[in-house]
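The feature domain 'C2H2-type' is assigned by TrEMBL to 67-94, 95-122, 123-150, 151-178, 179-206, 207-234, 235-262, 263-290, 291-318, 317-345, 346-373, 374-401.
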Amino acid sequence: MLLKKGEGNFSQCLEQRKGWSNWHRSERKLGNCQRNKVYESIGCGEGGKDSKETTVQQTSEKEKNPYKCLDCGKSFSHRSNLTRHGRIHTGERLYKCLDCGKSFSRSSNLISHRIIHTGEKPYKCLDCGKSFSQRSGLINHGRIHTGENPYKCLDCGKSFSHRSNLIRHGKIHMRERLYKCLDCGKSFSRSANLISHRIIHNGEKPYKCLDCGKNFNRSSNLISHRIIHTGEKPFKCLDCGKSFSQRSGLISHGRIHMGENPYKCLDCGKSFSRSSNLISHRIIHTGEKPYKCLDCGKSFSQRSGLINHGRIHTSKSSCKRDCGKSINQCSGLTSHERTHTEERPYKCLDCGKSFSRSSNLTAHRRLHTGERPYMCLDCGKSFSRKAHLIRHGRLHTGEKPYKSMVLKL
């Protein structure tokens, strides 16, 4: 079967499928290839057009990926791609890191790995300027700005921004639990987790600190405790350089730079970067005072409040300026002495006003933000300062703590 294009003949049998693509490519380079032009078939009847188009399509698909892997059947357009793919089956790793000796099957993987040793961060976020060593890190970070959650749980439909979070969440839905605790019925997917859990019931604490003698039920808890004695802070913030003894502390601190506040109060909508801060905040709404002074019975909503109060019953510090005033808090003494020096180290960035105490600056900042964290449980009215809430509360209780003095002339 012979084909002709225009006036020129091209003698090549389509059934052999040799030379067709080379001729076609040369025609494209010369600019003479017209994709929509119908090629005339000689000697194949009326159905020759459809037969020819199908044959050309099959030939094109085969020649598009002519290099086929004999192990899995996957095809490639270039021999180099097939060679690189073959290393998956052979386990060959030609590219070795000179710093740590780790080997890779692809040069691109070695290049990405080298960044670990150089500390280079070539991938920069255009929204906040934060840089990353890996492109995947930038992509994951970008979801904070876009709110994208591409990883969806097929069991409950909940979506996540990171695949690792989806995997961790998926354990909630796991039906098969192989290792079951006979004491409480709790099940685990790993025997090691069951063994660690059993220590809760038998009270065993096999891991002992050689410095202070304290015992722990987990080796990880002992390792974390040891940092108290060594003063080591191995977890460093790459943004500001601040170091932490615990990884959890670094993660919580990182949210300051990210502006991330994942812990939200369901009562007032206020968000926090730490779960502990949310728990402390919730007491404002519940009115709970779980911290009780053993000396006088007074209760406090915050542990810090109880600690500060406890100093009333212990020692007091005197003002160095000899004004006769005694202070039961070290921080209170420092703040008091600023009344003599007129030092105001805490400055408002919005209006420039300065304060001698950080708490006064915090309260002042609410004038700019409009924040009113102290809510009256009786009428729902909110206030920017706790003292204002207390004063307002007397409208509901009828309390009159300040007795009026009538002067007789």
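Just so it is clear, glycine is given a Cβ too, placed from its N, Cα and C backbone atoms.
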Where does the mean pLDDT land for the domain 'C2H2-type' (374-401)?
83
Counting by DSSP secondary structure, give me helix, strand and coil numbers for the domain 'C2H2-type' (346-373).
12 helix, 4 strand, 12 coil
The domain 'C2H2-type' (123-150): which same-chain residues, six or more beyond its ends, come within Cβ distance under 8 Å?
112, 115-116, 159-162, 239, 257-258, 260
Excluding the flanking five residues on each side, which residues at least 6 beyond the ends of the domain 'C2H2-type' (179-206) place their CB within less than 8 Å of a CB in that stretch?
171, 215-218
Provide the three-state DSSP residue tally for the domain 'C2H2-type' (67-94): helix first, then strand, then coil.
12 helix, 4 strand, 12 coil
Residues of the same chain, at least six outside the domain 'C2H2-type' (95-122), with any C-beta under 8 angstroms of its C-beta?
84, 87-88, 131-134
Which residue counts does DSSP give the domain 'C2H2-type' (151-178) for helix, strand and coil?
8 helix, 4 strand, 16 coil
Counts by DSSP class (helix H/G/I, strand E/B, coil) across the domain 'C2H2-type' (374-401):
12 helix, 4 strand, 12 coil
Pull the DSSP breakdown for the domain 'C2H2-type' (95-122) and write it out as helix, strand, coil residue counts.
12 helix, 4 strand, 12 coil
